[in-house]
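Colleague: This structure is in structure tokens; I'll ask about it shortly.
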Amino acid sequence: IAEDGVDNSEKEVSSLHILRYHRELLVSRVKSIQCILDNLLASGFLCVEDVEIVEHTTTKTNQVRKILELVQCKGEEACEYFIYILYKVCDAYIDLQPWLKEINYKPKDSVQAMKVVNTDPISRYCEKLRHEIGRDTCFIMSYGQREETMLEDLYTDTQMELFDDRNESLGFLESPVELLGEQGVFNPHAETIYVTGDAGMGKSILLQKLQNLWSKRELQTDIMFLFKFRCRMFSTFRDTDEISLRDLLFKYNCYPDQDPDNEVFNYIVRFPEKALFTFDGFDEIQEELTLMNVPEVVSPEERAHPLLLLINILCGKLLNGSQKVLTARTGTPVQSRVIRKKVVLRGFSPVHLKTYAHLHFKEQEHHNLVLVQLDASPHLSGLCSTPLFCWIVFKSFKHLYTMHDTFELPETCVTLTDIFLLLSEVFLSRLSLHPPGILKRSTRCSSETFKAGLKSFAAFAKLAFQGMERGHLIFNQEEITSCGLMEEDLLIGFLRPVSQYDACGSPATFEFLHKTLQSFLAAFYLVLDDQGPVSSLLKFFTECSRTRQTFCLPCASCISGSSAVRGKDPFKSKEHLQFANLFLCGLLSKAHTGLMEHMVPPLLLKKKRAFLKQYLSTSVKSHLHGLPHYSSDEGRRVHVLPSFLWMLRCIFETGSKDVARMTAKGITANFLKLGYCNVYSGDCTAINFVLQHRQKLLGLDMDNNNISDYGVKQLQPSFCKMTVVRFCVNELSDSSVEVLAEELCKHKVVKILGCVSISIIPVRKYVFMLLKYNLWLLTFS
Ligand SMILES: Nc1ncnc2c1ncn2[C@@H]1O[C@H](COP(=O)(O)OP(=O)(O)OP(=O)(O)O)[C@@H](O)[C@H]1O
């Protein structure tokens, strides 16, 4: 006989006895009665009048007492069924599960044959959340509001590299299912999984995949609630707005139904570890974080500014124990003490790229054509390792190929501007008189398409520009109309509705298909604008170079690490401004004169180009001059920062050999360290574009970047100038070793080669060759 007086050794302890004996425990632990009443009524143990009696009883504890009284009156079978409900609906009666274990409860076969329907508000809410998230995440963004693609049909894994707090690689994740797991956790006390990557690397899609997996119960986790937020939403609040935590969770996801006692929210507060938050695009709210001055900790009941709630959730001060996945673009400062693990998205590997092409092009003819063209252009393949750029290239190819007799992917020197022009052409061609597929046109005339759609295009460009000026990513109907956009313009694809922010169901606000597209259009506006002085062209360059002090909230400083003063450097600022500048350089390049002259008076265009070139030359000179040099045994060394890369990207986009030559000459150091600069394969073309103009020899250290074989191929023409070549900790395969060995042996100027190879076989083959020329091999594995 146990301490509580119940004889557990006896086989048949009556349920009636159990209820009587544990009455007070049950009264204190049964928090929700709805599900019990529903099931007792449905199974006929209680009648409607009984239920009404319970409902009219005043307090929750008295209601439970009443139910117990009633079931005991109905007899053993009713009591048995009552306990069975507690056992079956375990989520709702979580507090009673230890007790059921204690009394060694095992449902009899007879009661197991009876049906229990889970009508508990918490379980119902979980189901509702899963259903809504499943519905919201099953499509992938596509252009045109009428066209959507299933996530499952297009999602391709990307390279997800794990890093510790000292930026040492901890290997790769195999699939999004592993994102919440223990692999790569370097700070077990923190709760935020930080996913970072460059623009268009697939951070939002990875979150979408994660949410979709959860909705289908394929995530292998016991997370019951998933709340998804896009950080840009937090910028839509005024400084004085306040909201409760309850509203933040439910209003921007979904509200529980029939939950008069607030059971769902109370449950989340009691068991935060059952909740997962996803916050997408933390970089989009950095500006606002600097403006507020608010207290650090809030309670779940207190109303506060939504941003403050966000920060406190991320820091673990609110809903401590909940899991968080936060995404942001590379370089967004987030303090490592709140980071549990860090995942860097590296884009498509060559194998992923092939898989993605396969999913994209179901028709063999298209598929083969694209693969042949990609193989022929390592530069294009490098660009396509960024999923966003790849998606644009593939989508445009598909569209233009079906519209015209012949269409080839862009050639070797394709720039990002070319890619976004292609996307714009596709959008604008929807305005043309010939719908795709009906009549194929023999020749493609881009300028004609742009000219025909110029009115709408200029209106989109204006909207994008105004948004950039005001720091807006979301636009209301009024802003859209004031730029001259009509309802039918919205269908062509530049904008998409932000439906979930409107509780009434109708999409009242819009955003650009992608942030990068907004930057592109804003740059286009600067080129088209014939009202302001030519100098207004430099609007975003000037903004980038403005000395800015970033003030951080006391609590925001837990998250955003930096409060540094930004220097006067036009290549060092927020990425969306950098992109706008890059596109400006591209649009005003010589290569696009033919197209732009159809939209901008030639004289004005010429003036703008000359003005930009002059500015760029001066800025490059001052940037190079400002780089910190130091002397070493190998001569003058310089360790550049990621802003140097932005400068090179802009130069490449201009296509100006003069500026490239001047830059190559301006690098006075004889050793350039480009480590940890986030160089990806697409950048190697820009680096090569400048370095091939260099007369003097140069050592180049590109360790710890994101360069694949495509990048090495792009640098081939510059190897003849290199005394040191370092590619350690990149994504090179054996084929790069072959390229490197052959190139370097050919030119015989290289003294040190550092790289890591996947297998040793090609290395052995080339080691002898390299040693013959007294070459120091650094890190072969
Ligand atoms: N894993 C993937 N599989 C298939 N397509 C992808 C994948 N990742 C990204 N894409 C494509 O690239 C587009 C851009 O991706 P996404 O918006 O996720 O990038 P991001 O890293 O969040 O960019 P940003 O930092 O600029 O917001 C997607 O809309 C999709 O078309």
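Using the three backbone atoms N, Cα and C, a Cβ is placed for every residue, glycine included.
Copying in the features that TrEMBL gives for the protein in this structure:
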type: DOMAIN; residues: 11-86; note: domain 'CARD'
type: DOMAIN; residues: 191-331; note: domain 'NACHT'
Colleague: Work out, from DSSP, the number of helix, strand and coil residues along the domain 'CARD' (11-86).
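Modeller: Taking each residue of the domain 'CARD' (11-86) in turn, the totals are 58 helix, 0 strand, 18 coil.
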Colleague: For the domain 'NACHT' (191-331), what's the model's average pLDDT?
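Modeller: Here the predicted model's pLDDT, averaged over the domain 'NACHT' (191-331), is 87.
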Colleague: Reported in the order helix, strand, coil, what are the DSSP residue counts of the domain 'NACHT' (191-331)?
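Modeller: Helix, strand and coil residues of the domain 'NACHT' (191-331) number 55 helix, 27 strand, 59 coil.
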